[in-house]
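Beneath this line is the structure, given in structure tokens, with notes to follow.
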Amino acid sequence: MENIKSLSSFDQEIFDLIEKETKRQEDEIELIASENYASPAVLEAMASSLNNKYSEGYPGKRYYGGNAIIDDVETLAIERLKKLFGAEHANVQALSGSPANAAVYMAFLEPGDKVLGLKLDHGGHLSHGHSVNFSGRLYNFVQYEVAENGVIDMEKVREVALKEKPKMIVAGFSAYSRDLDWKKFKEIADEVGAYTFADIAHIAGLIAGGCLSSPVPYFDVVSSTTHKTLRGPRGAFILCKEQFAKQIDRAIFPGMQGGPHDHITAAKAVAFKEALQPEFKIYCQQIIKNAKTMAEKFMELGYEIVSGGTDNHLMVIDLRNKNISGLEAEKALEKIGVSVSRSTIPNDPAPPMRPSGVRIGTPAITTRGFEEQEVLMATEFIDLALRNKDDEKVLSEIKEKIKELCSKFPIYKK
Ligand SMILES: *Cc1c(COP(=O)(O)O)cnc(C)c1O
């Protein structure tokens, strides 16, 4: 390996692209609700020799030799995760959110079984039964919706559940800005004899930080990503009641996956340790303060927020009254160095590639240190850009100001 010691000496092209991307992240405002900046400690664990190991199986029961140290790593990750959420059982091998959900369905359902999930354009996720996704092709998903005011009406959920009698009810979403009544979901599920499955991919960090209510005490099974509000490596986990532990573990391996990504398991353990620190609670509180500040400012500026505000880290802006589509907004903001994701709004009249809204979230900017004052500045920049979306000169002036603001809040370049 003499001449492939370092990236910069062996592969200048990839090295330069990584440098460029790091600089882009430093210079621009990241408002994609599912993104965050992992700590140097998390990145270090990911870039370690643990990448090299094969460990099919679980601690103490591996199909390969040489796993004593990996067993300790995975056990630490599991113990920290159980502590973080007060869970009975944890599986930390899921490779990402969608595969974790596939394993959950596999553990509890047969193909063709009926599952109740939130409609995608109302804030659900592809893996909750969309027709183009494996979930929608393998299982019989029926959908509940948000009410006219953009909030989930639990009585309506109950009505659909009583009518459809699903085998499983899924709650937990990608573009829903309100806290959830987990207990009520569980009561409804009990009434119809359904399993309860919470997908907390977006909000896991906020639940861990004590800022949102947790489904863990009530639900049979809970899945999450580790790279969104939880601020860890790209990956996922599954929590469940002890009675379902075996079927969940078997669904992940050998059901769905081969060898776990041990370097990612180590990085997950680091992220869980970070989330167990008292500072993480403060971080979560600030994410929500920032989101509320932003939502209020947008409303003051005449923007419509779906459901009228936010309880968590994100909001969906309905841009119809501003005569700009979600796609146009996303493109205009890209020109000023602000990343957002276009998003459908409930009952969107526009097609999915050109939806009527954008989804905006505050986890990443909060990680780099933005507080209310910077959030207000960012919101004003966004409004100015959307009002001048075709004026390249104004847009490039805003881009410079954003770069200057960002330079005061370095991510990695301390
Ligand atoms: C992000 C997300 C996922 C998928 O996670 P990936 O890691 O992108 O596969 C699943 N469910 C919900 C609710 C999500 O927001």
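Quick reminder: no glycine exception, Cβ is built from N, Cα and C everywhere.
Owing to the predicted nature of the structure, the values given are computational and were not obtained by experimental measurement.
What TrEMBL records for 7-381 is domain 'Serine hydroxymethyltransferase-like'.
The Cβ neighbour count for LEU126 ((6S)-5,6,7,8-tetrahydrofolate binding site), using a 10 Å radius and every protein chain shown, is 17. Annotation source TrEMBL lists (6S)-5,6,7,8-tetrahydrofolate binding site at LEU120, GLY124, HIS125, LEU126, GLU242.
Taken from TrEMBL, the feature site 'Plays an important role in substrate specificity' covers HIS227. In the three-state DSSP reading, HIS227 (site 'Plays an important role in substrate specificity') counts as coil.
Note on LYS228 (N6-(pyridoxal phosphate)lysine): other Cβ atoms within 10 Å of its Cβ, all shown chains, come to 28. If you look up TrEMBL, you'll see LYS228 marked as N6-(pyridoxal phosphate)lysine.
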Cα separation, LYS228 (N6-(pyridoxal phosphate)lysine) to LEU126 ((6S)-5,6,7,8-tetrahydrofolate binding site) (Å, whole number): 17
Where the C-beta lies under 6 angstroms from ligand 1, the matching binding-site residues among LEU120, HIS125, GLU242: HIS125
Which same-chain residues, if any, lie at least 6 apart from LEU120 ((6S)-5,6,7,8-tetrahydrofolate binding site) yet have Cβ under 8 Å of it: LEU126, HIS128, GLY129, HIS130, THR344
Collapsed DSSP category at HIS125 ((6S)-5,6,7,8-tetrahydrofolate binding site): coil
